[in-house]
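**Q** Dumping the structure here so I can ask a few things about it.
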Amino acid sequence: MVQVKNICCIGAGYVGGPTCTVIAQMCPEVMVTVVDINEERIRAWNSDQLPIYEPGLQEVVDGCRGKNLFFSTNINEAIKKADIIFISVNTPTKTFGLGKGRAADLKYVEACARQITDVADGYKIVVEKSTVPVRAAEIIRRIFKTSTKPNLSFQVLSNPEFLAEGTAIENLKNPDRILIGGDETPAGQKAIAALSEVYEHWVPKSKIITTNTWSSELSKLAANAFLAQRISSINSISALCEVTGADVGEVAHAIGTDQRIGRPFLQASIGFGGSCFQKDILNLIYICETLSLHEVALYWQQVLDINEYQRRRFASRIVNCLFNTVADKKIALLGFAFKKDTGDTRESSSIYVCKYLMDEGAHLAIYDPKVKREQIIRDLSHSAISGDNPERVSELVTITPEPYAACENTHALVICTEWDLFKNLDYERIYGKMLKPAFIFDGRRVLDDLHKRLQQIGFQVETIGKKVNPVASLVSRAASKPEEQDPTPPKKVKM
């Protein structure tokens, strides 16, 4: 059995940082070093202002940093000392060349493999932690085999992460499963056992699943594809609910009580975001296309198409309700992160809703409790969002430090992230500062329990997957006061 004393993680992002922080906490006898070429990021990890927000992360870092948890830019030294090396670098979708818009770009994984080959000596277990396409481990192996060092030997494992941002620390401490893939040779099984022993410090052995490398890699892509599929499925039903009078919340509850289906990921919304779902499905589609599985590729493409349809449909509904134009109208947008309890904006549906509204000439006042102003401006100025006119962001977008300021003198309030604080805002105060008629568009259904109250205040409420009918008291009150109605007969208008 390999005795693991030192672990190195290359990549101090959303995966590598939290994962190795928890390993350090659970394995106090193991020295854990997280390295990155980004000096600013490493400085942040060594400060009280961590580069990412994750509930519970700061407390774990504070308890381990400087003891058996270290953050450094000295990648070579960490590689030399390590028994296990995690590769947790970014694997974005390619933006040019073969596989553009579909395939994963493995240039950072390849660069890590080459650096490890150049620097390392002795026996190393190298672990894919980044989400990679099937058979990516073979690329790493081929690079390692180019080494001519007589005392250097490697084993490559796949150990994909199954974290949900916002609950990552809880997911790491109480995982549904730990998946480790490796060679079915004695050497491969020895490496799997060494990594398993690390996790067995706090994870029951029954939850550690071992497979061959390729099954492990594909399981990660398949898991994210299935989760995204459920979201697109319920979102497709939400469109049907809005035109039939059904309530998608009630439909989701009814079908979710079926044990064969279950409740998770049946919350209708403006669509999924984050770094994984879209990227992994695109990767899956590309693999299917290259293997001539065109029908399979088309099937998974529809999951992404429905997601885009839901975003565009929501933005169109805002425009239609605001009398078919939002040009020069101010709209408050609450929430910019792709989900609550994170500052991550990658592929956030908020970005695309902003794009469609800016395309119509709307002025946006944006508030998010965890996303920095610079990040919002950077996302909205991207060429995919603003084309060759990034200057429009400075003209149309204002970032506010608190939600009430965002809502002043607006025609509509749009909720794009399900932050809990949005349930407890003083909506009477907000209504008093808005232009009339005042609209609320709830893209995350966080205000479902407040609809009657909001209507009594005076809001017109629009939400996903449901027609919000006027409350009976308001209808009867309007009907009982005919003297207040304008007696002037309507003019005939030529259509």
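Here the Cβ of each residue, glycine as well, is placed from N, Cα and C on the backbone.
Computed from a predicted structure; not experimentally measured.
Below, the features straight out of TrEMBL:
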- 11-16, Asp36, Arg41, 89-93, 130-131, Glu165, 276-279, Arg346: NAD(+) binding site (BINDING)
- Cys276: active site, nucleophile (ACT_SITE)
- 332-449: domain 'UDP-glucose/GDP-mannose dehydrogenase C-terminal' (DOMAIN)
**Q** Kindly report the helix/strand/coil residue split of the domain 'UDP-glucose/GDP-mannose dehydrogenase C-terminal' (332-449) according to DSSP, in that order.
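**A** Counting residues by DSSP class gives 49 helix, 19 strand, 50 coil.
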**Q** Give me the Cα-Cα distance between Tyr14 (NAD(+) binding site) and Cys276 (active site, nucleophile), rounded to a whole Å.
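**A** Here the two Cα atoms are 11 Å apart.
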**Q** Quick check on the binding-site residues Tyr14, Asn90, Gln278: which one has the highest count of other Cβ atoms within 10 Å of its Cβ?
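**A** When each Cβ's neighbours within 10 Å are tallied, Tyr14 leads.
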**Q** Looking only at Cβ atoms, how many others are within 10 Å of the one on the residue listed as 'active site, nucleophile'?
**A** 25
